[in-house]
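Feature annotation from Swiss-Prot assigns ATP binding site to Arg71, Gly76, Ala77, Val78, Phe79, Lys134; the stated evidence is sequence analysis. According to Swiss-Prot, the feature (R)-lipoate binding site maps to Lys134, an assignment based on sequence analysis. Annotated domain 'BPL/LPL catalytic' per Swiss-Prot: 29-216, in sequence order.
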Amino acid sequence: MSTLRLLISDSYDPWFNLAVEECIFRQMPATQRVLFLWRNADTVVIGRAQNPWKECNTRRMEEDNVRLARRSSGGGAVFHDLGNTCFTFMAGKPEYDKTISTSIVLNALNALGVSAEASGRNDLVVKTAEGDRKVSGSAYRETKDRGFHHGTLLLNADLSRLANYLNPDKKKLAAKGITSVRSRVTNLTELLPGITHEQVCEAITEAFFAHYGERVEAEIISPDKTPDLPNFAETFARQSSWEWNFGQAPAFSHLLDERFTWGGVELHFDVEKGHITRAQVFTDSLNPAPLEALAGRLQGCLYRADMLQQECEALLVDFPEQEKELRELSTWIAGAVR
């Protein structure tokens, strides 16, 4: 029986693909070597320890229907579209070795006619007239008996959109999460015009087979066909949940301030696990009572725009004469935390 397993995803759903990856990793035999090839439609993927409000322009993501997905490995934030090819190599220990998977990807690129080299701990770069440019970034995860190396190759990604979603609003966030390091990048189409996802997948697959000296049939997976993936429904539910993608952010503080016609407002939030643990409100409004009441209501509230808006509007019952002010406040807060 072959020790290799090759899976190719037909889905562009990042939550589906990351859930598949997690399930395979958890249940694979320690003797198995796995290659999983996939890609995501418009998504910002953040590292396990990152703060999405610090890393991403969450408001613009929501406006443009760009998903957020938190992966189980460390590292920084990246933007995925269908111009990226994603790969995951898995193996049991002691065989797991990220230098092997890196060499497989380099051999695949070489077979396609691209001379690339490893740079630092996580990147593959090519030489261009403008200097070295990154074409691949990676992240890793290890447990006591297995490990995986996953990464992306930039084929024909819309690089202008990287800045749209990975440059956050100038929020006053004093956060403890890991900050992404920005790198100069280029697409493989600059070197190989017309290169496709299918060609890259085939090259990586052939390099994978060549390294291990055996071949297997590919398993094509999709939301309608998830072979041999125990507990997939539960894993997908977690991967797609707000609690995982947003709520797992490291503790941080957020300061918001705005001046309205009726007075200035300053809000201080401490947030842990996606919940407000402390809310302070400062104002020079002539009627501070509704704002003081809001501070109490926000304690324990989910740090989500719709939930904050709901708490603001709930105050209309007790302070109907301040309806105009409360609606202005509600709209502002909801926009500020998206």
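Using the three backbone atoms N, Cα and C, a Cβ is placed for every residue, glycine included.
Describe each of these features in terms of where it is and what it packs against.
Look at Lys134 (ATP binding site): DSSP puts it in a strand.
In this model, the domain 'BPL/LPL catalytic' (29-216) carries an average pLDDT of 89.
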If you count Cβ atoms within 10 Å of the Cβ of Gly76 (ATP binding site), leaving out that atom itself, what do you get?
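The answer is 19.
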Which has the fewest other Cβ atoms within 10 Å: Ala77, Val78, Phe79, Lys134, the binding-site residues listed?
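Lys134, out of the binding-site residues Ala77, Val78, Phe79, Lys134, has the fewest neighbouring Cβ atoms within 10 Å.
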With every protein chain in view, how many other Cβ atoms are within 10 Å of the Cβ of Arg71 (ATP binding site)?
22
Please give the ATP site's span as the largest CA-CA distance among Arg71, Gly76, Ala77, Val78, Phe79, Lys134, to the nearest whole angstrom.
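That value is 21 Å for the farthest Cα pair.
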